[in-house]
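Undergrad: A single structure is presented below for examination.
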Amino acid sequence: MEIRYATNPRDFKNYDNERVREDFLINNLFEKGNINMVYSHYDRLIVGGAVPTNSPLHLEDKETLKTEYFLERREVGFFNISNNKGKITVDGEVYELDHRDCLYVGKENKNILIESIDSDNPARFYIVSATAHKNYPTQKKSLQEATHRHLGDDSQSNKRDLYQYIHADGIQSCQLMMGMTFLSENNMWNTMPPHIHDRRMEAYLYFDIDEDEKIMHFMGQPNDTRNIVVSNEQAVLSPPWSIHSGVGTKNYTFIWAMAGENYTFDDMDHVVKNQLK
């Protein structure tokens, strides 16, 4: 597991493009036959990807976590971002995940196996884990069951549908919040005007992006912003002090995940567009 350390916003002002990408962009998450993970010191969030093929993949990393099993002091959310079915076995109980299904697994579940139904057409699982203080029940939720919010409009090029899966009024968790947002056709902006939530960090996974299309992800303090050019199935870590917004060369989908102090989705400090530099 790769480890990423936290960054002071004063130091961030001196980063060149290469350093920004090294610290905040996550690529190569989805590798056939493997689980790849990044441990962030922002709220101890783990971001990962799994593409099981011929044999199940076991969610574990004793060396990094120094625990007997992965969820000894953690909770985790899985999303199947592929069109291929997969399944996750939690201490012997099997959960089948179709396209855009989410599975939450709580603290103290010991044996987590990740599999594809068809090894020739493997599922692609996005994984996010946060620290946990108590056990919440394992629960699966489909896109149709998620809480739906319609946001934006065509005039601002930010018309989008946001689906909340793991949150206060959905799947219960200690601190992990996860959901998925779809940009409508001919709409390319997400989270503009932007906001900051100093109580929580956030991670974005951008996907459903054609090979020759890109996302410009904006980050930094409102008066000192930078951009990261993002390709399909790459993730970005967003510090609590940073805005997080993006625009694509075409519409796209992203999964957002948050962890931190407050468990309220709307706890955010809005930034006026005129403040941006």
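Placed from the backbone N, Cα and C atoms, the Cβ positions cover glycine too.
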Undergrad: According to Swiss-Prot, HIS195, HIS197, GLU202 bind Zn(2+); so which of HIS150, HIS167, HIS244 is the extra one listed there?
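TA: The one candidate that Swiss-Prot places in that Zn(2+) site: HIS244.
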Undergrad: In three-state terms from DSSP, label HIS244 (Zn(2+) binding site) for me.
TA: coil
Undergrad: Just to verify: the residue among HIS195, HIS197, HIS244 with the fewest other Cβ atoms within 10 Å, which of the binding-site residues is it?
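TA: Among the binding-site residues HIS195, HIS197, HIS244, the sparsest Cβ neighbourhood within 10 Å belongs to HIS195.
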Undergrad: Can you tell me the three-state DSSP label for HIS195 (Zn(2+) binding site)?
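TA: For HIS195 (Zn(2+) binding site) - judged by DSSP and reduced to three states - the answer is strand.
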Undergrad: Other than HIS195, HIS197, GLU202, HIS244, which residues of the chain come within 8 Å of the Zn(2+) site, judged by Cβ distance to the Cβ centroid of those residues?
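TA: What remains near the Cβ centre is THR191, PRO194, ILE196, ARG200, SER238, PRO240, SER242, ILE243, MET258, MET268.
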Undergrad: Which secondary structure state does DSSP assign to GLU202 (Zn(2+) binding site), in the simple three-class scheme?
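TA: Where GLU202 (Zn(2+) binding site) sits, the three-state DSSP reduction gives strand.
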